[in-house]
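Report on the following structure.
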Amino acid sequence: MTTFLAFTVFGLFSGAAYAIAASGLVLTYTTTRVFNIAHGALGMVMSFVFWDFSVRQGLPTWLALVLVLLVVAPATGWLLQRFVTRGLGEGPVSVALVVTVGLLVGCIGFATQIWPPEARSVLPFFPTTSFEVGGVIITGHQLLTIVLSAATALGLYLLLNRTRIGTAMRASVDNPELLRLFGGKPDTAAALSWAIGVALAALAGVLLVSQVGLDYYALTLLVINAYAAAMLGRLKSLPMTFAGAMALGLATSYASGYLPTDGLLNSVRNVIPALFLFLVIVLMPQAQLRIGQVKGIVSAPLPSMTKSVGWGAALLLVVALLAGSFADSDLLLVGTAATYAMVMLSLVLLTGYGGHVSLAQLTFAGVGALAYAKLDEPNLYGLALSALIAAGVGALVALPVLRLTGLYLALSTMAFAYLMDKMVFQAEFAFGFNGTLPAERMSVLGTSITSTGGYVMLMAVFFVLTALALLLLRRGPVGRLLIAMRDSPAACGTLGLDLRWFRVALFGLSAGMAGLAGALYAGLRQTIGAADFQFFNSLPLLLLAVVFGVTSVTGATLGGIGLMLLPVMQSDHPGIAGLIFAVIGFGAVAAGRDPNGLANQLFRVGRLAETRLLPQVRERLPRLPERGEVDAPAEAVVPGLADQRPDSRPDSRKVPAHVAP
Amino acid sequence: MSLLEVDDVVVQFGGVTAVNHASFAAHAGRITGLIGPNGAGKTTCFNVISGLQRPTRGKVRFDGRGVTRLPVHRRSKRGMGRTFQRLEAFGSLSVRENVRVAFDIHRGPIGWIRPSSADVDALLERVGIASYAGERADSIPTGTARLLELARCLAGQPKLLLLDEPSSGLDETETDAFGELLQELAAEGRAILMVEHDMDLVMGVCDDIHVLDFGSVIASGPPSLIRSDPAVQQAYLGYSDVEDAADSADSADSADDPATVTQVLPVVHEEVR
């Protein structure tokens, strides 16, 4: 009984801390419609700031606390709203997600850079005070946390219901324009909610840090608990959010006390918040289709097929040259880049064309790799089967959240990735705890490809083929439907499209592409383990894809190379490892609004060359039959293609028609 | 027998009753007008009929079967088509591609083999926007975009057309042509239910009119009766003449208009992105 009570007290303590974090999340979301995935990361940074003030600089604890909670955190929130998240809530959900994921990664990079890894500790508040109630010891810190969480609840209630600005905050979510019309100040309300939100994240972080330890990742991921709690309140209701947080705190505490310490159930204890989140999302009621145009949708460039094939051939040539001249260790890097580029292609389909965000793309690649290693069929059949299995898993993830959209789909992929990483990949039947599996290089139609150079060439061929298939898909009815669904789901629905199954198919296809990449990667490395597909790495993958351009094959290629170089650069220059992360994260924050990314700048240069230089070159050449005379009949042969020609659309002039695969 | 029956429908958003025990019908081959002041619940009725909003109470019957709990896309398959008051064109596709998508959805994957270009062009010709075919849908004028939405709907061969303020953004000549098009479409056997503020158009083409005020149907009947109905005149803010009222409603009709926004507001509140 005493142990039970002890676990209850501990559960209430952590639940109270989660509740503080979750209420901040709900506040910012309801006021600005931006779901801040970086909420936990901000709490983490604030805990480091608190440590810096109180331990490193030796300020009195109360002063450090006041500075962090009332100055640094609110100022950060205010600045974030002003310069980063303003207007995001009215745009596509995918943009807001990418920007806040960028913020998360940027925060981790920032913290790693400013406070390099070393042993640090923060003492609990009132370390010497404790009370005994019924044989159970409650520390002063625990009591303080519970009291503060109640105070937060009361304060938020009073703010939202009893003050003018609070009413404005509740109103601005529905229609900021309307609020402005009636003399309210939606921007002030939004900025205030972010200031309070980050302060609450900081408070939760500071309260938890003595328990969890000062760690870049642990505190950042603790926010999954906050998401889960906030989801129970459907991101709207604060009382439900508090109830969810308490339930979660208790469940986690009891699990650590009573679950067996071996077997699969042991790993359950680490993933309770993710399971909880997944469950809550699955049980959410049907979402209504969003009516009203989404602002700021960018259309994807569409290259002509001739150019795509040309650039594909050029890429293969380059890889062939590299395969002939590089050492094996360097070729492995080229193969890794090809893997990442293929995974990013799956994001081009899902995010660039479809407007959905997945935070589990590397996990799907892991599923493909696991299937390939387990099947032990190193040939095209085994490869195809692995991709199919990954596609099936992807569809399964999307299936329970069939009725929901955007944000919830993305969050469930995050919960899924976390579950896979902590529970499935590490399990005995998979890679094993910190274990690896052997995988053979595959043979194509009886010819086995054992040399690394040959295998990398094979991967490049697969990449080019996948990219061409993707571009073909984009030109056809499916591509049009994807764009239509992104532009107006409500119109698609009223025209008779079953969005739910279409979305499941889209997720499945995208996961299958990632799985194919994973299976090829397994063959490349020949040993493969859970460490290759860590949950967290899906985030920089998404960010780099967006920074380089998630709407084009060029972007995926560049992004793949970039992600491959990331660990290389970090090990070459360990001093700026955090800085690199911060640059990527904050780069994504800056570039998130334009998913055409850096690739678009490249197209612009290409277009310039085409319009300015090419005519000059042509003038100097002896006159041959005009290009147009040759081209026009060739196009008439393909029925229905004429109206898709990029030139026939006004916007595509901004986006030149060539894309290097 | 009527093609569409709305039976005692109630829609509440929190404490606000947007539609209050509304019942009305639409018949095949006839044009039915749904009019009323801003905020009367017209668009909410459309959302209930097309399935974008689940009613708190009441039933919707279509083509002899209950559809109240049917998802949006299934209603479309049964023969409903609708346009939107706030435009829902596929902005980053061309006008022609917009209609192609509608054909693609209607015909399903197997039908994709059959080229739809000729059908698409014929449809664009019919609603009179063929000259915009190659332009991006977010760059065309509002009136044209409304016609585009109509063309997109027609691709699905609907038995019932729900048109939400189809003529706003059209000039006088265009409105006249549009009226003729509506009568042609109805003559082909379609039922048309139309929310509209242009009283000349409504009185000119509608066979039946239902008037909504504060979510309730306050009058139903042919245009001649509606014109002289005292309750209707009262609903239009005491104007003695319905047409004057309509003019003022028309000029006030814009997306930023507070009354319009409050009507849409609760929907925004409920949706989950």
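Using the three backbone atoms N, Cα and C, a Cβ is placed for every residue, glycine included.
Automatic prediction, not curation, is the source of TrEMBL annotations.
For A:6-27 (among others), the entry in TrEMBL reads transmembrane segment.
Counting only same-chain residues 6+ beyond the ends of the transmembrane segment (A:59-80), those with a CB under 8 A from a CB of the stretch are 42, 46, 49-50, 53, 103, 125, 191-192, 194-199, 201-203, 206. Residues or ranges marked as transmembrane segment by TrEMBL: A:59-80 (among others).
The transmembrane segment annotation in TrEMBL covers A:92-115 (among others).
Look at TrEMBL and you will find A:189-210 (among others) tagged as transmembrane segment. Under 8 Å from some Cβ of the transmembrane segment (A:189-210) lie the Cβ atoms of residues 14, 16-18, 20-21, 23-25, 27-28, 30-32, 36, 39-40, 42-44, 46-47, 50-51, 65, 68-70, 72-78, 80-82, 85-86, 121-125, 141, 144-145, 148, 152, 159, 165, 168-169, 171-172, 176, 179, 219, 222-223, 226, all in the same chain and six or more residues away from its ends.
If you look up TrEMBL, you'll see A:240-259 (among others) marked as transmembrane segment.
The transmembrane segment annotation in TrEMBL covers A:271-289 (among others).
According to TrEMBL, the transmembrane segment annotation covers A:381-402 (among others).
According to TrEMBL, the feature transmembrane segment maps to A:409-433 (among others).
Beyond the transmembrane segment (A:453-473), the same-chain residues lying 6 or more positions past its ends with a Cβ under 8 Å from any Cβ of the stretch are 302-303, 305, 308-309, 312-313, 315-316, 319-320, 322-324, 326, 328, 331, 334-335, 338-339, 341-342, 345, 348-349, 441-442, 444, 479, 513, 516, 520, 523-524, 553, 556, 659, 661. Sequence annotations record features per position, and here TrEMBL assigns transmembrane segment to A:453-473 (among others).
Here the transmembrane segment (A:504-522) has Cβ contacts under 8 Å with residues 335-336, 338-340, 342-343, 345-347, 349-350, 354, 356, 358, 361-362, 364-373, 382-383, 386-395, 397-399, 402, 409, 439, 458-459, 462, 466, 482, 528, 532-533 of the same chain, all six or more residues outside its ends. The transmembrane segment annotation in TrEMBL covers A:504-522 (among others).
Residues or ranges marked as transmembrane segment in TrEMBL: A:542-568 (among others).
The transmembrane segment annotation in TrEMBL covers A:575-592 (among others).
The region 'Disordered' annotation in TrEMBL covers A:624-661.
Taken from TrEMBL, the feature compositional bias 'Basic and acidic residues' applies to A:644-654.
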Interface check, the transmembrane segment (A:575-592) with the transmembrane segment (A:92-115), three or more C-beta pairs under 8 A: yes
Close approaches to the transmembrane segment (A:92-115) from elsewhere in its chain (Cβ under 8 angstroms; 6 or more beyond its ends): 33-38, 40-42, 44-45, 48, 51-52, 80, 84-85, 216-217, 220, 294, 296-297, 351, 355-357, 359, 405-407, 410, 486, 539-540, 542-543, 546, 576-589, 592-593, 595
Remote residues contacting the transmembrane segment (A:6-27) - C-beta distance under 8 A, at least 6 residues beyond either end: 35-36, 39-40, 43, 136-138, 141-142, 145-146, 148-150, 152-153, 156, 169, 193, 196-201, 203-205, 207-208, 211, 222-223, 225-227, 229-230, 233, 235-238, 241-242, 244-254, 256-258
